[in-house]
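All remarks here apply to the structure that follows.
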Amino acid sequence: MLRVLLLGVLAPAGLGLPTPAQPQPRSSQCMEHDCFQLFRGPATFLAASQTCEGLGGHLMTVRSSVAADVISLLLSGDGGDGPRLWIGLQLRRGCSDPGQGGPLRGFQWVTGDNRTSYSRWARPHVGPAGPPCAPLCVAVSDAAAPAPGEPAWEEQRCAAEADGFLCEFHFAASCRPLLVDARAAAAAGVSVTYSTPFGARGADFQALPAGSSAAVAPFGVQLACAAPRGEAEARWGREAPGAWDCSVENGGCQRACSASAGAPRCLCPADTYLQADGRSCATFAEHSCHKLCEHFCIPNASVPGSYLCMCETGYQLAADQHRCEDVDDCIQVPSLCPQLCVNTRGAFECHCYPGYELVDNECVEPVDPCFGSKCEYQCQPVSQTDYRCICAEGFAPVPHDPHRCQMFCNQTACPADCDPNSPTSCQCPEGYILDDGFMCTDIDECENGECPEACRNLPGTYECICGPDSPLAGQVATDCGRIISDPDGDSDSGSGEPPVTPTPGVTPSPSPVGPVHSGVLIGISIASLSLVVALLALLCHLRKKQGAPRAELEYKCGAPAKEVVLQHVRTEQMPQKL
């Protein structure tokens with residue numbers, strides 16, 4: 001967080017340019033081992049998620065009404081005007097449907113699961129425009145709530161900016177707030193300011209995660225929340241030995257804290273002594289007790305010199321009451337694991353059957369990456385989260401829209417795509433013409449004079465090799481953009497405008513004056529053939545009127561008519577093919 005704040009201050013000073021305001025932390029709340037923080041400032045879902053992860057957490061998961069109450073507390077402490085705040089719920093693919101997908105409507109938490117006992121959607125039903133589709137993310141807001149004080153969920157485009165976001169942090173151990181004597185606090189004006197590992201500061205916390213610090217004024221005492229090695233609970237302390245002011249957390253003393261001699265100091269019972277930290281007490285036999293026990297030794301204060309051995313979690317005391325042996329956690333009933341349990345020394349591991357994966361101590365089936373895909377033909381998974389669309393034989397994905405398929409041919413001739421219910425209805429790829437009814441033949445653009453100079457015909461397309469008079473001399477293009485050079489070098493003659501050089505990477509539009517296109521030639525050929533047929537019919541009619549012999553007329557006119565199959569062609573210029 002410090003790095004983010006420094007960048008926000010130094011960047012405008014170094015460049016002299018205004019920079020967008022970074023989201024700022026506002027109110028925070030902690031409950032046992034979980035903490036939550038509200039950030040205000042415009043941010044997309046991705047930017048919000050990255051900010052939370054950079055602080056060691058993730059966007060908030062609202063799985064219960066308790067978590068929803070935390071959001072209400074954070075909003076009440078923020079004092080905003082119904083902001084929209086990102087939470088950790090997203091729909092990567094498919095469409096949101098209130099009738100399917102369970103209470104989350106097909107959405108998933110950023111932790112990769114969809115477990116929840118709570119949902120609060122602002123839109124209970126699908127609108128007239130139909131359900132919104134992925135990618136979608138969820139923002140929570142008071143403005144969308146059906147009732148005051150009950151923030152509701154709204155689907156939003158993930159690329160849109162919300163007014164802020166909510167982060168969630170989990171810690172293995174936590175400390176309660178410092179205990180301060182009320183009378184002493186009122187007399188000396190004692191105040192405590194807490195700082196958390198995720199950057200939250202304040203004086204009102206229900207719990208503080210391990211790694212937090214506390215500044216106690218006016219004594220100048222700095223305390224840290226830490227879990228001692230081998231203990232599950234954290235407590236307040238400091239590196240410097242000795243007690244601090246007795247009005248704050250009993251001065252840190254294990255037993256009694258006394259300030260009668262002026263400076264605060266810790267006192268121990270008569271049968272114990274003060275240890276090196278100046279706050280803990282130990283019995284006189286404790287210095288040799290740890291050598292007798294394998295893990296822990298607890299002196300018995302009621303019987304001087306006696307002790308009790310204890311073991312770490314996952315172990316149990318052996319028959320000799322001194323050694324510790326491993327406990328097989330996997331034989332417990334009910335089982336600690338949902339499917340498979342593997343015992344280890346002092347612990348255990350949970351595994352799943354093949355085809356399942358472990359998510360938050362539950363075995364779930366992996367989500368099919370093809371679920372909700374929009375592939376026109378077939379979807380093929382390539383990993384647990386990604387897929388690709390494939391097409392039928394003779395087709396290939398559209399480059400700019402890989403979910404759709406288009407006809408594809410890399411040869412001079414390929415079978416046409418014909419409707420089985422209408423055999424005469426056939427289609428060919430761009431750059432091909434239907435031939436013999438069921439075959440697509442490549443159009444040789446080079447024979448039609450598409451290039452002013454050298455030409456190379458390719459399946460479905462062509463290339464022009466530009467000459468020295470072209471702005472693209474020596475390059476390959478579909479239009480070399482021929483220019484007229486001035487042999488006299490007279491800069492005053494001509495139109496007075498400099499020659500236009502085509503922009504690299506953009507194909508110039510074909511000149512309206514140039515070689516006749518192949519479509520025009522085909523149209524002329526068909527028109528000529530039609531004219532010949534008409535002339536033959538006219539000739540037969542004239543000969544019949546002149547009384548020509550019937551046999552000759554039958555020979556000329558009674559013969560079976562030859563079927564002429566005409567293929568519809570377009571006379572406009574052929575677009576360039578990919």
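Each residue, glycine too, has its Cβ placed from N, Cα and C.
Broken down with DSSP, the domain 'C-type lectin' (31-167) shows 27 helix, 43 strand, 67 coil. According to Swiss-Prot, the feature domain 'C-type lectin' maps to 31-167, an assignment based on sequence analysis.
Residues or ranges marked as domain 'EGF-like 1' by Swiss-Prot: 242-282. If you look at the domain 'EGF-like 1' (242-282), the same-chain residues 6 or more away from its ends with a CB under 8 A from one of its CBs are 178-181, 184-185, 188, 190, 192, 216, 219, 221, 223, 236, 299, 301, 304.
Annotation source Swiss-Prot lists domain 'EGF-like 2' at 285-325, citing sequence analysis.
If one looks beyond the domain 'EGF-like 3' (326-364) by at least 6 residues along the same chain, the residues whose Cβ comes under 8 Å of a Cβ in the stretch are 111-113, 115, 312-316. Feature annotation from Swiss-Prot assigns domain 'EGF-like 3' to 326-364.
Residues of the domain 'EGF-like 4' (366-406) grouped by DSSP class, helix first, strand second and coil last, total 0 helix, 18 strand, 23 coil. The domain 'EGF-like 4' annotation in Swiss-Prot covers 366-406.
Look at Swiss-Prot and you will find 405-441 tagged as domain 'EGF-like 5', backed by sequence analysis.
The residues of the domain 'EGF-like 6' (442-481), classed with DSSP into helix (H, G, I), strand (E, B) and coil, number 0 helix, 13 strand, 27 coil. Annotated domain 'EGF-like 6' per Swiss-Prot: 442-481, in sequence order.
What Swiss-Prot records for SER493 (among others) is O-linked glycosylation site.
Taken from Swiss-Prot, the feature O-linked glycosylation site covers SER495 (among others), and the record attributes it to similarity to another entry.
The Cβ of ASN343 ((3R)-3-hydroxyasparagine) has 15 other Cβ atoms within 10 Å, all protein chains considered. Annotation comment: Swiss-Prot describes ASN343 as (3R)-3-hydroxyasparagine, evidence class similarity to another entry.
The region 'Disordered' annotation in Swiss-Prot covers 483-512.
For 1-16, the entry in Swiss-Prot reads signal peptide.
Under the heading topological domain 'Extracellular', Swiss-Prot lists 17-518, citing sequence analysis as support.
The topological domain 'Cytoplasmic' annotation in Swiss-Prot covers 540-578.
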Who are the long-range neighbours of the domain 'EGF-like 4' (366-406) in its own chain, taking Cβ under 8 Å and residues 6 or more past its ends?
93-95, 106, 108, 134, 355-357, 414-415, 417, 429, 578
Tell me whether ASN343 ((3R)-3-hydroxyasparagine) sits in a helix, a strand or coil according to DSSP.
strand
So, by DSSP, how many helix, strand and coil residues make up the domain 'EGF-like 1' (242-282)?
4 helix, 12 strand, 25 coil
